[in-house]
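Q: In case it's useful when we look at the structure, here is the feature table from TrEMBL:
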- 1-20: region 'Disordered' (REGION)
- 8-20: compositional bias 'Polar residues' (COMPBIAS)
- 10-88: domain 'RRM' (DOMAIN)
Amino acid sequence: RPEGGVNPGNNLHVSGLSSRVDNRQLEESFGKFGKVQKAQVMYDPHTRESRGFGFVTMETAEDADAAVAGMNGQEMQGRAINVEKVRCAPSPSLQTEI
């Protein structure tokens, strides 16, 4: 695990997701660009509805670069998604550092 939550370059933030997109669909879509270690749509803990974003961890930074190039701006379930590398690894508690 990298020190200080530094992104080794393989963690991606995906936003603009349709509420119909689930972890499996996210993994399948990004799997075209390399091995996906983890794909996770973020859900509201109370309503269990999609929050419209998620995280994808690719096996390598090169796979992540290919996924950003291939998926950013593409349509998924009728909505254009935004894909970018995260600045630091997402924490389990989803707290963001400023």
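Using the three backbone atoms N, Cα and C, a Cβ is placed for every residue, glycine included.
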Q: Average the pLDDT scores across the domain 'RRM' (10-88) and report the rounded value.
A: 96
Q: Sort the residues of the domain 'RRM' (10-88) into helix, strand and coil with DSSP and give the three counts.
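A: Its residues fall into 22 helix, 31 strand, 26 coil.
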